[in-house]
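**Q** If you scroll down you'll find the structure; I have some questions about it.
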């Protein structure tokens with residue numbers, strides 16, 4: 001899924017029509033013969049071990065789904081750290097991420113067909129009844145058209161597809177009379193007003209109750225949408241038309257795809273990330289296979305598979321040829337400019353591109369799929385999860401991980417295509433990491449920072465819709481699934497649509513004869529099925545031979561060697577454009593080049609140098625684009641300078657009963673005191689200091705002696721607080737924010753600065769917690785006087801924390817199947833991670849059209865935080881913080897020695913009012929004793945499962 005969401009997912013089979021090219025047939029017809037090639041040279045996983053892992057997946061799903069139903073339903077999503085539901089308007093706004101929430105029990109609808117795939121037919125029948133009874137689609141709430149289509153419309157259609165299948169089998173759903181389909185049709189009509197544009201591209205958002213443009217709608221003024229947002233509709237809308245006979249849905253989705261195809265850049269055959277829905281102009285002209293574009297390519301190929309329209313395959317092949325020509329730099333997939341495709345647009349990759357190896361399997365191009373998948377797996381082995389973004393030299397760029405399923409998806413399809421047991425071992429690693437690092441008592445929590453292991457109070461619906469589906473199918477044999485999965489195709493949200501739709505109500509399924517297609521190299525598409533000799537040479541070690549050179553690619557990467565500036569684009573002896581790393585403000589030739597690119601250099605009074613780009617002042621469009629690239633590189637360069645000055649976040653892990661290391665809190669570091677990245681972690685019980693602000697000599701030194709002192713922010717310098725608690729005998733300190741309600745989820749983290757004096761006398765570690773995270777410790781103290789915490793650079797393995805203590809193995813391993821295994825981080829890993837930063841200030845700058853009067857500039861002056869009290873702090877940009885993709889004004893300043901940080905605190909968006917009085921959407925806030933009771937039930941369940949040898 002693009003931008004905010006979950007995954008792509010595609011089926012492993014295709015409609016069985018007349019013979020056609022292997023380009024789309026590989027996963028369907030070639031699996032059996034391919035498997036026989038691979039397994040000859042590999043050590044297969046036993047049937048018993050596969051069943052054991054499949055049972056683990058079932059137990060994990062029960063843990064996630066059961067906690068959602070118990071603690072969150074009918075809310076859209078579960079907040080697994082606080083054990084309550086996330087309700088739009090009742091929690092601090094998270095920006096565009098919240099556009100997926102529509103007060104329609106999102107997680108339940110998204111999980112419907114997962115229940116059937118996992119053989120939970122009784123639970124599926126109960127869930128369908130709840131949807132029909134409780135879900136209201138007429139709420140006064142603004143939602144994403146894209147997310148609502150793939151998650152809710154797709155979920156209803158997937159549920160309907162399997163409901164009629166079960167009804168035909170004669171045991172379950174005998175009462176069902178297409179009720180889910182009627183709900184899907186109702187929702188489809190609610191989304192149609194979004195297509196009321198001159199281009200046919202839909203508005204990105206719509207009000208479920210009031211539609212578009214009405215004053216009550218609070219939407220309809222947007223001008224831009226992402227390519228994937230407009231191009232990921234055809235499967236769901238066409239299926240709705242084929243199921244109901246109402247052709248209008250398929251017509252609207254086809255019109256949007258046709259428009260995107262016509263607007264492709266004709267010389268490169270690439271599309272941009274963001275497009276104007278009224279004019280069709282590209283707003284962001286960079287192109288890749290990750291966020292913003294990904295599922296557009298996926299749906300072109302799958303539309304051919306599901307609908308049988310050759311034009312979709314021709315379009316996909318045209319785009320795929322361009323992707324492999326320009327974007328693919330094995331094993332990397334790097335964004336380029338659509339007008340200048342030989343030039344990289346950025347030096348990092350986002351996690352959403354992990355779906356692409358799976359799409360290449362469906363295409364039949366196995367070798368690059370193996371290469372990219374192996375590179376991604378090496379990144380996961382280093383960080384336990386795939387960071388939201390990482391650089392070409394495999395450093396963390398954006399550190400969070402919302403439990404995305406794209407890598408699991410590609411793993412499943414590579415296994416289906418090759419039969420190589422290696423991919424079963426990869427899936428086993430994913431299961432272990434989820435249980436060891438993401439599992440919490442009330443579900444599975446997203447990772448706030450993969451380097452520290454801290455959690456975010458978030459469990460997206462796509463986690464249940466996709467992750468467990470792909471993992472279960474990876475280990476399942478055909479007889480383990482109650483229906484033939486080959487009869488369905490997966491949508492981008494892994495919802496199942498039956499392939500027989502290709503021959504139903506196909507009035508619109510005809511070849512597009514109006515579009516012109518670029519003549520391609522036929523050798524890329526001349527395979528016919530079966531033909532394993534091309535895809536799978538007669539060598540059982542073929543896949544291993546592809547993976548082997550990539551085993552150490554993460555640890556032995558060279559940043560400048562991987563990013564190639566393609567010199568063939570600089571023909572006729574022309575000089576390559578000026579690179580940011582080579583720029584010198586005192587070089588007259590460089591200043592002249594900047595002027596040609598429309599970049600002005602301004603000397604500020606404080607001695608800094610500011611660069612501002614006016615695209616309209618560039619000598620030519622090409623020079624303007626070179627200027628854009630230069631500004632982007634300058635942002636990357638200044639970001640790296642900030643990384644060298646700033647410290648990464650730290651972790652506070654509660655290790656005492658009943659937490660046992662399961663709760664990890666994101667903490668801000670200090671520029672003084674013990675450096676936790678270079679020394680052993682500090683462990684101890686916590687105690688509140690008196691006075692609580694710690695600004696004078698403590699009156700309760702006996703209480704904090706040998707413990708970690710809790711102190712409140714405010715009224716004096718951080719360093720002064722540290723000295724006072726150190727003098728009282730504390731072994732560490734945790735400063736808790738005095739701004740009630742502040743949270744690392746919504747506010748930038750920052751590092752505590754010194755007081756301008758020599759702070760070498762401070763030898764204890766100091767960390768900072770926002771109010772929400774600090775309250776978790778304070779609440780625990782109120783319930784349990786003895787609360788023990790671990791201060792470290794990143795969360796520690798629970799097996800290491802609890803070593804030597806009489807603790808049941810399920811507490812250490814999070815599930816009864818996993819072995820008790822210590823995995824301490826190496827010193828090198830720790831040092832590498834400590835060099836990272838919570839987020840990069842790298843921005844994508846959009847090339848402004850020449851006639852536009854707007855200007856583009858960039859400012860790399862390190863940000864500073866101006867605290868309300870006298871504490872001095874240095875702001876660290878949050879990993880969620882991203883520039884608006886349509887922002888045209890950026891500034892950068894060159895000053896490597898500047899240490900202040902500009903104020904990055906952002907006002908939280910106003911939350912929407914609850915407008916649906918018919919359903920109770922109140923928060924299910926639980927006291928800690930209730931939560932602990934739930935944990936005890938969890939523990940008892942694990943004990944029972946151990947006895948049953950699940």
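The chain as shown is numbered from 1 upward.
Quick reminder: no glycine exception, Cβ is built from N, Cα and C everywhere.
So TrEMBL lists the following for this protein:
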ACT_SITE  147  active site, proton donor
ACT_SITE  388  active site, proton donor
BINDING   492  Ca(2+) binding site
DOMAIN    689-775  domain 'PA'
REGION    816-926  region 'Disordered'
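If you look at the structure here, what lies around each of the features I listed?
**A** Of all the Cβ atoms in the protein chains shown, 29 others lie within 10 Å of the Cβ of residue 147 (active site, proton donor).
The Cβ neighbour count for residue 388 (active site, proton donor), using a 10 Å radius and every protein chain shown, is 22.
Neighbour count (other Cβ atoms within 10 Å of the Cβ, all protein chains): 33 for residue 492 (Ca(2+) binding site).
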**Q** Using Cα coordinates, what distance in whole Å links residue 147 (active site, proton donor) and residue 388 (active site, proton donor)?
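**A** Given the Cα positions, residue 147 (active site, proton donor) is 19 Å from residue 388 (active site, proton donor).
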**Q** Check the domain 'PA' (689-775) for me and report the mean pLDDT.
**A** 89
